[in-house]
Amino acid sequence: MSSLYRSAISARIAKLPQLPPSYEDDDEKSEISDGIGELSTGMGPPPLPRPSTSTRKPKPPNPEFKPLSPASYFSQALQISLPTRALDVRVYYTPPKYDNGGVIVFHHGAGYAGTSFACLAKEISEVMRDNVGVLAFDARRHGKTTSSQSDEDLSIGVLVDDFCALLQTIYPDVAAAPSLMLVGHSMGGSVCVRACSILQQRKYNIAGVAVLDVVEGTAVEALPHMHAILNSRPEGFDSVEEAIEWHVNTGLIHNPTSARVSIPSIVVPADSTLTPSTRSNIGFKYKWRTPLRSTAPYWDSWFPSLSSLFLGLRSARLLVLAGAERLDTTLMVGQMQGKFWLEVMAGSGVGHLVHEDDPTKLAEILADFWRRNERIVVRGNVIKAVGEV
């Protein structure tokens, strides 16, 4: 791998899993209705030195980056109990207008939260005129999802089981369940790909699977560079506004509005004791909800075989990338054979977080994908969706 390519990968991986804890906004509870009721060895070099708390001057909040409530983007905020998983999952949901309407289900990437899809969810509701519902949630050890047991394990098998358990809890009656389209970003894309066949075996109708800006080959090659990237990230912030501003100024998120909705869910008060991995005295008022370095033991489980599993899905397939050069060999061959729909959202204002950077364009892509691939029953015969085998 050339040094130029390695540098490019390092730049991309800087935009991969990197988000924090939850920010509890007192106004959110009144604005959104609640409808339901160890780091391993070899973690790389230590973080770069930071100013001591005795000499560092706290930065005042910038009002331009004031947090926005997800209440304007989803109609409901729910806490759904999964007793078999020891989880209390935060779900954001806007139901379809009609009882027989389908639902697009979003799974965020490592370090992020369900609010990462807030702007996209609102755009989809508008484009689809509420005929299709949207549902996003916080995975274990992310956002406002909590656990009654240790939730340190973020291996792919655990995440897939969590995802399937959540959907089975929300839609216990398979016969009455809506058609579902699974959309996952980065790590979440891998979860959706693996969960699809499991849900189909349990007789759920999966209209399609969309993977956002993750390719097995590029992701696996980039993982060794993650520690160097993480060393350049701040350990905490003086305010939620500063966390939002940092993501915008560094170009990790190009859409300030989306950042103001999504970032508050990935940072928590620094004195929080949510999990052992988030406990530390770092001299800041806010810290990451999900420190990415603590997820390192699970990185190797997230992406292997992703390309072949994606191409083997018995469902419509969509891959959305921020750059066409990210395709690996397996996907290049599959794309030439017409096995999936490829959309490239290239542009100076679109990075790894394609759903946050340009939610309007992505909403149009997903709406078109839904319309073209939702199963239609004619006189008892199912017409296969585009991309199905």
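The backbone N, Cα and C atoms fix where each Cβ goes, and this holds for glycine too.
Lifted from TrEMBL, the feature list:
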- Ser186: active site (ACT_SITE)
- Asp213: active site (ACT_SITE)
- His352: active site (ACT_SITE)
- 104-364: domain 'AB hydrolase-1' (DOMAIN)
- 16-68: region 'Disordered' (REGION)
Average pLDDT across the domain 'AB hydrolase-1' (104-364), rounded to a whole number: 93
C-alpha spacing of Asp213 (active site) relative to Ser186 (active site), in angstrom: 6
Asp213 (active site): tally of other CB atoms within 10 A of its CB: 26
Between Asp213 (active site) and His352 (active site): CA-CA distance (Å): 6
